[in-house]
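**Q** Have a look at this one.
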Amino acid sequence: MSANVQVSGQLSSGPSLPACIVLSAVSLLCFVAGFGTGAEFVRFLSFGAIFRNISGGLDGEIPLTWSEAIRNTQFQCCIGIDIGLLFLFVLQHSLMAWTAVKKNVLHVFGVLQRSIYILCTALSLQVLMRFWQPCPHGPYLWNVSSDPWSAWLPLLCALVHTISWLLIFSVLLIFDYAELMGIKQVYYFCLGMGDPLSHKSPRVARLYAHLRHPIYLELLLILWAVPCLPPDRLILAIFFTLYLSLVHRLDVQDYAYLRSQLEKKFLLFSREEASAVGGQIRKNN
């Protein structure tokens, strides 16, 4: 069975049952890999950074000064490895999103193109997390260790991170999570319905093309809202902040569309609320 099938917006007869089973299995495996890696990435960015910090530093340790750290060979090696890992992730994530590369991947894998992208992203994130080099003895940009902030600030950061992750998951669900993870493409293909994006309006398709990272502000809060900021976390935060700023490409038309949709949702909610209140009043009378 070959997955070398081009995705079109036209309705067509679906593939054979064995082909659908194989495609579905591969798509689900890629989804599981992506979902599991995403859950581990939450732990990597939040849990360790708040309650144990990403560098694993211990209370009472005296970190190096910046001048000492720059001359420290171990510190230089750790920072060099971390920067290399970040460049590797960005290279994979950006290269596979390039139009020419996407066309080649689509030519080879067909409807599994998005699933393969998710799998490769998961693998690059796993490499980043597995080989990340902490700098527990490096100079901290800030480190809250005095009472009462040493007790309250981690809790406050935990609250900010929890709300941010909940918002991220909510936005991903709103932005068609199944299509984003490559499952919907296989489902539609097996039903002979073509590309899921072809069934959406041009304005929605345009918005999706510009907003594959609909989590900009929330991720910035997660990256920077930590009780202490060691050098490795600082590099991680700066790198992802710059990358997210470059790929965040909403324009005036996208904002206008989002505003119109929010106004429609609010109007619909207001009508439903008024109808419910009116029905309750009539029932009481």
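Glycine residues also receive a Cβ, built from the backbone N, Cα and C atoms like all the rest.
Per Swiss-Prot, topological domain 'Nuclear' is recorded for 1-16, 97-113, 181-207, 251-285, and the stated evidence type is sequence analysis. Taken from Swiss-Prot, the feature topological domain 'Perinuclear space' applies to 45-74, 131-149, 227-232, supported by sequence analysis. The transmembrane segment feature in Swiss-Prot is assigned to 17-44, 75-96, 114-130, 150-180, 208-226, 233-250.
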**Q** For the transmembrane segment (17-44), I need the partner stretch with the highest count of C-beta pairs below 8 angstroms, choosing only from 75-96, 114-130, 233-250.
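**A** Answer, by Cβ pair count: 114-130.
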**Q** Near the transmembrane segment (114-130), which residues from the same chain, at least 6 beyond its ends, have a CB less than 8 A from one of its CBs?
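**A** Residues 26-27, 29-31, 33-34, 36-38, 40-41, 44, 85-86, 88-89, 92-93, 96-97, 105, 179-183, 185-186.
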**Q** The topological domain 'Perinuclear space' (227-232): which same-chain residues, six or more beyond its ends, come within Cβ distance under 8 Å?
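**A** Same-chain contacts beyond the ends: 50, 53-55, 57, 63, 69, 75, 78-79, 82, 132-136, 138-145, 150, 153-154, 157.
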